[in-house]
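Only one structure is covered here, and it is reproduced in the block below.
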């Protein structure tokens with residue numbers, strides 16, 4: 001069931017505007033990758049403890065297991081079949097497609113927009129390192145953007161087999177119109193959809209009223225400034241940045257709070273494109289970095305005894321993957337600009353940021369007290385009973401008869417491994433003491449989500465390249 005119809009137009013910002021990462025035309029999917037790492041080499045051990053290339057392949061493959069709609073002939077996760085083919089029909093619109101956000105068969109537009117953005121940002125920063133996986137990553141993005149275009153127009157467009165430059169322009173036009181609408185009619189999308197999306201994906205960031213939208217507006221303006229080079233968006237950021245929370249002290253980046261991501265992105269414009277008016281965003285980005293460096297001045301982040309960044313019990317791994325991506329991206333910008341982060345008089349180098357990001361990914365892949373990979377299908381030991389309906393119930397090929405909703409609860413309580421392997425799925429992860437029970441009913445620790453995997457794609461591409469695996 002697609003939840004979002006056309007009576008709640010403000011949600012369109014959250015569904016579509018963040019696909020602006022695809023709007024750089026040829027630059028969005030670069031054939032040539034300017035890699036400052038090649039110019040300023042940093043040393044790595046000759047051999048890595050993990051096969052980052054294999055993990056990258058699987059992290060992208062996971063998205064095929066989350067597909068909704070009519071599946072293509074080249075679908076690789078074969079137990080996932082066509083689904084949601086009547087989505088939108090009750091409102092006489094076509095809302096078929098898109099992704100199930102996590103372990104249930106529901107399409108939430110708010111986290112899907114963030115997922116699409118982070119997949120796209122992964123390709124923008126590290127796509128040139130992905131080699132054979134680049135096309136798979138682009139297809140994962142397109143599966144979402146095709147759906148988001150449908151969800152932001154009535155009637156839904158059907159011009160999807162165009163060339164990438166034309167498609168990119170289509171996304172640009174849509175994102176611009178959506179942003180203009182949302183900026184004019186400010187308000188939290190979840191206000192009108194409370195009974196459908198809360199408490200799962202309420203927009204909790206910010207304060208009351210339209211301020212719940214402030215991180216999304218800053219995030220969207222930052223991407224539109226990058227994508228269109230229109231000075232109007234730079235002027236918008238300069239005029240509205242403070243009220244939109246540019247300087248707020250927070251260090252959590254995810255589907256509900258994009259402030260940190262916007263600061264890192266705008267700092268890139270200052271460091272790389274030399275947009276001097278965005279100088280303050282370098283300081284804002286540095287404050288975030290200092291807050292998560294263990295032992296640094298102003299550090300406020302918590303880590304488990306085994307070394308995993310820990311934000312909260314519910315789906316903590318999403319913050320691990322998003323933070324690791326920001327660390328590597330910011331390290332890239334700093335390297336190009338030949339700058340460091342100053343944390344209370346201590347210089348934090350790009351090399352230090354890369355080391356922290358690598359440590360988090362290595363923990364995720366198995367360098368942890370339980371010696372368990374938290375990516376399904378990677379390594380000799382990984383979760384067997386993830387909280388995922390499609391993975392835990394028998395496939396239609398094995399069980400053609402209809403399975404009633406009540407019947408699913410017996411499977412939920414079962415100790416048997418899931419019959420369908422959701423390869424590449426990264427789950428919520430261990431608790432603050434590095435414990436993980438591997439129980440299907442424990443959705444906080446055992447449920448995968450698209451927004452956990454999306455930032456990891458770029459990080460794994462960088463690590464695979466750095467260790468000579470790609």
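Each residue, glycine too, has its Cβ placed from N, Cα and C.
Feature annotations, reproduced from TrEMBL:
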type	residues	note
ACT_SITE	387	active site
ACT_SITE	438	active site
ACT_SITE	447	active site
DOMAIN	52-157	domain 'Glycoside hydrolase family 9'
DOMAIN	159-460	domain 'Glycoside hydrolase family 9'
SIGNAL	1-28	signal peptide
Ask   = Taking all residues of the domain 'Glycoside hydrolase family 9' (52-157) together, what is their mean pLDDT?
value = 94
Request  = Provide the number of Cβ atoms within 10 Å of the Cβ of residue 447 (active site), excluding the reference atom itself.
outcome  = 20
Query = With DSSP helix as H/G/I and strand as E/B, how many residues of the domain 'Glycoside hydrolase family 9' (52-157) fall in helix, strand and coil?
reply = 58 helix, 5 strand, 43 coil
